[in-house]
Amino acid sequence: MLEENLKGQLKQYLDLLENDLVLRLNADTSDANGKKVHDFVTEIADMSPRITIEPSSDIKAPGFSVDQKGSISGVAFAGVPLGHEFNSLVLALLQVSGREPKIEADLKARIQSITKPYHFETYVSLTCHNCPDVVQALNIMSVLNDNISHTMIEGGMFQDEINARGVMAVPTVFVNDEEFSSGRMSPEEILNKLIGQVGSDSFEDKDPYDVLVVGGGPAGASAAIYAARKGIRTGILAEKFGGQPLETLGIENFIGTPYTEGPKLAAQLEEHVKTYPVDVMKTQKAVKLAKNELVEVTLENGAVLQSKTVVLSTGARWRSLGIPGEEEFKNKGIAYCPHCDGPLFAGKKIAVVGGGNSGIEAAIDLAGVVEHVTVLEFLPELKADKVLQDKLYSLDNVTVLTNVETKAIHGQDKVESVDYVNRETQEAVTLELAGVFILIGLVPNTEWLDGVVERTARGEIIVDKQGATNLPGVFAAGDCTDSAYKQIIIAMGSGATASLGAFDYMIRN
Ligand SMILES: Cc1cc2nc3c(=O)[nH]c(=O)nc-3n(C[C@H](O)[C@H](O)[C@H](O)COP(=O)(O)OP(=O)(O)OC[C@H]3O[C@@H](n4cnc5c(N)ncnc54)[C@H](O)[C@@H]3O)c2cc1C
């Protein structure tokens, strides 16, 4: 079942096992899926003398757990963790065997402080690039705390269960049988949701910064590195470290790197920032900015951070339609990530709202998986590049409707139909379908700066050549600004500019 190159890589990792492992297996080989899991587990065990298999009826079938001999780790996999989940399996093997997970000491202490029992289940698809982060975080929590256990469930093998539980987006996490979350989450976010945020008292002793960066995407990471390299006191806070690259699969225009993937780049940004003495504050949201003697940034938890200069790099998020049903059916048929959630709509009818590059790329991608795609575009023509449009029109399971306004999304527990109006004829139509992917562009994350820094009508922060805003000491970079183009390399460049601008301001004031 494992390709030769994967086997080669796995062999090297298995040499690093610190203790013997037992894979406790529950798989009925008279059933096709059971046989797949059985053969997969056997193939892995055959590769290392340190791994044995034991039958167990305690494990979700078809599936297996990863344990040290004589103890229970709580880490289990239902289905076959191949595709994007193969790394999750490799890490689980190493961590359960005794290799320390790579997490910060304070995070480890928070995980180990949990005394209530929690059993997590995560539904994934093997093509989902957001899923491994959640699976790996919950596996680490299981390894570090006996009160926590986690089973990854490969949705393709558990279709009936997915339908029964109403799972329409991956990763979807249940804890103690209650739905817990949907979408990518870092270990910090999982902990915040489970046991509450780190209180404002943890921020009380922080001295003022020279440069405080708000936002941890490409622009923010670049600004923090440029500031730290000047030897000045630098802090960075981010709601989700990594920013939009976390939602991006292939990146082919990051000059000097012909191909990389968004989550990998996001992890490298954090790693790079941490090679410098930067105070990194993750899962922290800024809610207010004020200029007194110093610039003051208030966090959602009430803490106030002070800095001589601030670089705003809060980027952008998916624009929503603002129509009835949109909020209600999020992750219940409304989706934003074709790579992640496409397989959940296999054989079903869906719509893509948005005829720009991201909408048409999604429609092409989804047409290969679903029964039929209807593209709904507000303008009289699609805005996507011609090469994408040519590909789209060559597909026979796609209908393109232009000059239509999407009005409402309906359903009982999940999406069942979408209403649109033909803007020319005013004809109102209801399309029966199972999913709506909304890809209508981005909106800058700058509402919290209302009335504080000058912004365009679209909400973009207005900056000059040094990245300076109208507020002295406050700079901005990346997609939250009025820069002409929004790209990773441009955001990184502007992060560097804003940081150098802030340094220049600091030495003159
Ligand atoms: C699906 C998709 C595919 C893309 N593909 C490519 C590509 O192939 N190549 C390319 O060059 N570009 C691509 N882009 C664009 C690129 O990702 C962006 O231009 C780039 O990420 C912008 O970086 P940024 O740092 O300005 O903002 P972001 O990446 O949006 O980062 C913003 C950061 O600010 C944080 N934040 C937001 N609000 C707050 C707050 N109030 N308090 C604290 N933190 C906050 C966020 O959590 C995040 O850490 C793509 C974008 C998308 C959505």
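Any Cβ shown, glycine's included, is placed from N, Cα and C.
Automated prediction, rather than curation, is the source of TrEMBL annotations.
Database features (TrEMBL):
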- 124-195: domain 'Thioredoxin-like fold' (DOMAIN)
- 209-495: domain 'FAD/NAD(P)-binding' (DOMAIN)
- 210-225, 469-479: FAD binding site (BINDING)
- C337-C340: disulfide bond (DISULFID)
- 349-363: NAD(+) binding site (BINDING)
Would you identify which of the binding-site residues S222, N357, T469 has the most other C-beta atoms lying within 10 angstroms of its C-beta?
S222
Within the domain 'Thioredoxin-like fold' (124-195), count helix residues (DSSP H, G, I), strand residues (E, B) and coil residues, in that order.
33 helix, 17 strand, 22 coil
Within 10 Å of the Cβ of C340 (disulfide bond), how many other Cβ atoms can you find? Include all protein chains, please.
24
Are any of the recorded positions V214, P218, C340, V353, N357 near ligand 1, with a Cβ under 6 Å from it, and if so which?
V214, P218
V214 (FAD binding site) has how many other Cβ neighbours within 10 Å of its own Cβ?
31
Closest of the binding-site residues to S222 (FAD binding site), Cα to Cα, picking from G355, N357, G359, E361, A363?
N357
Nearest to A351 (NAD(+) binding site) in three-dimensional space, by Cα, is which of the recorded positions D210, C337, G473?
C337
Fewest other C-beta atoms within 10 angstroms of its own C-beta: which of the binding-site residues P218, G473 fits that?
G473
